[in-house]
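A.B. asks: Can you read through this structure? Questions will come right after.
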């Protein structure tokens, strides 16, 4: 019996040793940060850029392509992820205020978010792939999708009518090299 307990203790010690680096790198249960940067554009070829502290989608001419915002993506579950603006401490969020649901950028470092916190749910989007395109549904407000307007240079927003022709909810992503 004593030998069996020792074996179990040694096995536990070995497992803890083997996974120590994983737990040491991510104390307090924080998830590993596997952040990747992506270029993003809608199916009408509009890219994201900042104008007057607002994220908008439009057609950038070659001389202005450096204004294009790249999106940082941090996966937290197979299809759930956090989205932020690359190189900035701004995250995409879905906020409910009364009966109103709106998109906003919040001054938050994407690597500080934790999937286990209810207050971070507004930053969580569910990715749905359909062939080469991707849609992003809010986890905090199911049925609401990240979208762009058909017209250029309009703010990025959310819609609960993803099939309406006046809103675009399908995006292309390309990993930034």
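Keep in mind that glycine also has a Cβ here, set from the backbone N, Cα and C atoms.
Take a look at what Swiss-Prot says about it:
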type	residues	note
SIGNAL	1-25	signal peptide
DISULFID	91-141	disulfide bond
CARBOHYD	109	N-linked glycosylation site
A.B. asks: What is the number of other Cβ atoms found within 10 Å of the Cβ of residue 109 (N-linked glycosylation site)?
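C.D. replies: Its Cβ has 11 other Cβ atoms within 10 Å.
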A.B. asks: If I restrict to non-local contacts, at least six residues apart, and a C-beta distance under 8 angstroms, what lies near residue 141 (disulfide bond) in its own chain?
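C.D. replies: Result: 94, 96, 101, 158.
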A.B. asks: Which residues of the same chain, at least 6 positions away in sequence, have a Cβ lying under 8 Å from the Cβ of residue 91 (disulfide bond)?
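C.D. replies: In sequence order, 82, 83, 84, 85, 105, 106, 108, 110, 113, 123 meet the Cβ cut-off.
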